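Chemist: Before I ask anything, let me first share the structure, which is written out below as structure tokens.
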């Protein structure tokens, strides 16, 4: 490459361009420096403004805080002044009350000084003081006036002395309902309680009969319950009677002021009801013993007050009871459809066939187990399911379901009525209360009327009309089906003699021939009505008087039968 010769003009031009370029660069640098200075100046101005704003904000906050403190101090000062003023008012009020009490005390002393001096009664004996302390809640109830007291009411010791010392009360039954009744009566202050029960304690009782323990199984319910109550409430005397109610005579029931039933048997209720009615002597008011009856079944219950010969008795309401379920023999023997049919077959038909004269004991677990096994085998033959040991026991023993809460409610109602009757602190129930707790809580109270033809308290013969073409067997079946009679094996007789007797065997055999005879044949029409009355035991033209007895009846049923 050949080197070009030196040209001064070009060199000068180059130097000039280089100088211009340097000047431009210097100008640009100066501009950038100026821009940076402006930017820094703006930032400093912005920071200065922010600082001034923060200082202003801080000053405002301090001013606000100062004002709040001043307001709070002012408010506290006002509250202190109010409290001081209120305290002064209270002190003035206390001074006024104090002066008023002093004036009242001065007036009382003046009045006391004017009254004649009455000697101070001696302090009560230790036993009386112990009763007052233990039954303080009863004193609060009986010592104050209420809506049913006289305006001039003054509390006294007569009602309390009666229930603590004088009143004898009999509780029949010491089961689920009886345990609740005994507990309530003891805590209500009744000092002399008797309890009668023929049953012993079973394992199945322990879930609701709270007076018993597992160690008591096999012992008398009445004795264990009495011992337990006296241990927990020493002020109460509980006398047990381990027997049937039928084992006691009228003199035993005459010594009580009140009788409360906690039974689970219709037959036992009918017996005690008839006994209480028969005790009544119009010449002796003390022979009238109020009878309070309670009963439960599952979530249902009832309580009632019976004044024998005055209000309706238990027999008057017998037709209100639900008839017991009975399975036809032909069904359980040939075409069983339910597990209950198989169990009934085992107890009614198979047991007598296998064991002949040996009696079935419903409380014997071995007997129940045998029935369960036989019923299970029969159920398999007929493709029936549902036979269990508990169902077997329930069907054979006709067990009624019991719920502790229902027992507690009905027992409370019964004891409440007993307390009202014994102390006359309030009107007693008139005269029937029903309870249903299945869906919610429902109670209804009504007055059950007496039946004029009640065989127990009515005093009149029951009149019925039957066809003269009926045979005697049809009359017997009719009486068994009547819900107001509740009989199973009636025996019939007239004043002349027996018509049909269920026993003894010789008398049954000699009278069962009458079952196929027509009523018109047994009691032929007679021109002389009085002769007919004498021969057949009739009441003239009004009808034929027939007497009915049954093992489930504690009395003789008198019928006035009119033939049509």
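Placement of Cβ uses the backbone N, Cα and C atoms for every residue, glycine included.
According to TrEMBL, the compositional bias 'Low complexity' annotation covers 23-37. Per TrEMBL, the feature compositional bias 'Pro residues' maps to 118-127. The feature domain 'E2 binding' is assigned by TrEMBL to 464-564. Feature annotation from TrEMBL assigns region 'Disordered' to 1-131.
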Chemist: DSSP on the compositional bias 'Low complexity' (23-37): how many residues come out helix, how many strand, how many coil?
Modeler: 15 helix, 0 strand, 0 coil
Chemist: Per DSSP, how many helix, strand and coil residues does the domain 'E2 binding' (464-564) have?
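Modeler: Split by secondary structure, the domain 'E2 binding' (464-564) comes out as 37 helix, 25 strand, 39 coil.
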Chemist: Take the region 'Disordered' (1-131) and count its residues per DSSP category (helix H/G/I, strand E/B, coil), listing them in that order.
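Modeler: Helix, strand and coil residues of the region 'Disordered' (1-131) number 113 helix, 0 strand, 18 coil.
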Chemist: Where does the mean pLDDT land for the domain 'E2 binding' (464-564)?
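Modeler: It averages 76.
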